[in-house]
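A.B. asks: Let me begin by handing over the structure; questions about it come next.
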Ligand SMILES: NC(=O)C1=CN([C@@H]2O[C@H](COP(=O)(O)OP(=O)(O)OC[C@H]3O[C@@H](n4cnc5c(N)ncnc54)[C@H](OP(=O)(O)O)[C@@H]3O)[C@@H](O)[C@H]2O)[C@@H](O)CC1
Ligand SMILES: [K+]
């Protein structure tokens, strides 16, 4: 059990602090101790290196000044015992290591160097990163950055132990010159910061080694993030009644599509349909009606020249999606002001969010789907600090500030936290692809229209995470195209 590592990842993640705080307790409950955990961590990582090794492997282990270095020395010694050529590059004085890490250093009897200029880095086939783990904060020291800049440029595999050095495993912040791993073998439990935003690119292929204490850990500690894989989602998806018909599945009104921006509103409306909404109406600029309707005759498309023209449409809708292609001119502002007053569940996206940032209002029962730029505008508007690298904090701040369920989009990642809509999860981390905001808002609208509040934003977000995570292995975390997402959502709803 101790040497196991797996790419079959659990669907919960934690902060670094939680892992540091409770790993001892989990070890105790599992009848072991921290010293053994470090040995198991080293063994698990070595197993991965060894299992996936090519012939004539030359391994460079780079160590830091904490327990992550201890794991590294154990990997190095195991390489040595297995007859693999190994060198340890100590970026910090190893004599100053403490406790189990010091012990692991003493038990390593192979080659040691203290500066990378002493060795020809290009001779190595694998670099094992044991510089920083869950204890890392802030920026990398200058000498570490210079070394990582060289390593990152080498076309060799890089295996990070627990966390790629330079990535904050709680927030997902990536320090300049962080080590870009091809594979990260993380220990005990997934850390939420490894799953979102730019961190994803630095983590590479993510593996988990539970070290025999993961079950005890999960039973003791409440996860900060949840995500679903496809199988779980399919098992829990809402079922449609066999005798249902269009009026049993809600009516979404998508509003947007200013002059020259018909595409966005069409994408959102089509997504709402494909997500299973019984009826979808579109209120758009008079120039766009023909373009929006073309080839998608299920849509009911209305030319709306003034805000007054919205009233009969709002009266029939069960959910509104406002913002795709809306623009910010006087026409857009008048529609925004009218819609924001309704009591209907509302999904606000794109320019709807930019208008909200200019005219913040109190409301409940709404979902905001900003990308980071829109998020920054939403928060700057109320003078809140926006730490753009910490996507978890951004989504939590918007969620609190606007009393809104918030889904933060972004290249390669998405984070959601629910607020006033009745979603029964406590927040999650998830992945989505860039450029699919209109689709996302449409799908959320479509699901809300069907009364799937508990499913719409958060579960959708976590589901997309699962999909993107699966896909990431194949296409380098590029995420998915809108068409793929449509197909998957159609699969969910049957
Ligand atoms: N507990 C266990 O037995 C087990 C632990 N395990 C392993 O231990 C890892 C956690 O170990 P860890 O807590 O020692 O943290 P780690 O990341 O190695 O280094 C912290 C050091 O770095 C320093 N530092 C931080 N930021 C810095 C910066 N910007 N620039 C410069 N220095 C900086 C920091 O300094 P400080 O902030 O204290 O001043 C401190 O000295 C974990 O990821 C896993 O691999 C596993 O073996 C399982 C069993
Ligand atoms: K590391």
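Just so you know, the numbers here start at 1 and follow the chain as drawn.
Glycine is no exception: its Cβ is also placed from the backbone N, Cα and C atoms.
Unlike curated records, TrEMBL annotations are generated automatically.
What TrEMBL shows for this protein is this:
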type	residues	note
DOMAIN	19-219	domain 'YjeF N-terminal'
BINDING	68, 129, 165	K(+) binding site
BINDING	133, 134, 135, 136, 137, 138, 139, 162, 264, 325, 371, 438	(6S)-NADPHX binding site
DOMAIN	229-494	domain 'YjeF C-terminal'
BINDING	409, 410, 411, 412, 413, 437	AMP binding site
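Tell me what's around each of these sites.
C.D. replies: Neighbour count (other Cβ atoms within 10 Å of the Cβ, all protein chains): 29 for residue 129 (K(+) binding site). Secondary structure at residue 129 (K(+) binding site), as computed by DSSP, is strand.
For residue 139 ((6S)-NADPHX binding site), the number of other Cβ atoms no farther than 10 Å from its own Cβ, over all displayed protein chains, is 13.
DSSP gives residue 409 (AMP binding site) a coil state; it is part of no helix or strand. Within 10 Å of the C-beta of residue 409 (AMP binding site) we count 27 further C-beta atoms, all protein chains included.
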A.B. asks: If one measures from the C-alpha of residue 68 (K(+) binding site) to the C-alpha of residue 135 ((6S)-NADPHX binding site), what distance in angstrom results, rounded to a whole number?
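C.D. replies: Checking the Cα atoms of residue 68 (K(+) binding site) and residue 135 ((6S)-NADPHX binding site) gives a distance of 9 Å.
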A.B. asks: List nothing but the largest Cα to Cα distance in Å, as a whole number, among the residues 133, 134, 135, 136, 137, 138, 139, 162, 264, 325, 371, 438 that the record says bind (6S)-NADPHX.
C.D. replies: 44
A.B. asks: Within 10 Å of residue 409 (AMP binding site), Cα to Cα, which of the binding-site residues 129, 133, 135, 137, 139, 165 are there?
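C.D. replies: So the list is empty; none.
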A.B. asks: For the domain 'YjeF N-terminal' (19-219), what is the mean per-residue pLDDT, to the nearest integer?
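C.D. replies: Across the domain 'YjeF N-terminal' (19-219), the average pLDDT comes out at 96.
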A.B. asks: For K(+), what surrounds 68, 129, 165 with a Cβ no more than 8 Å from their Cβ centroid?
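C.D. replies: For the K(+) site, the extra neighbours are 62, 64, 72, 130, 131, 132, 133, 136, 160, 161, 162, 163, 164, 179.
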A.B. asks: What does DSSP call residue 264 ((6S)-NADPHX binding site) in the simple three-state scheme?
C.D. replies: helix
A.B. asks: Hey, of the binding-site residues listed (133, 135), which one tops the CB count within 10 A?
C.D. replies: 133
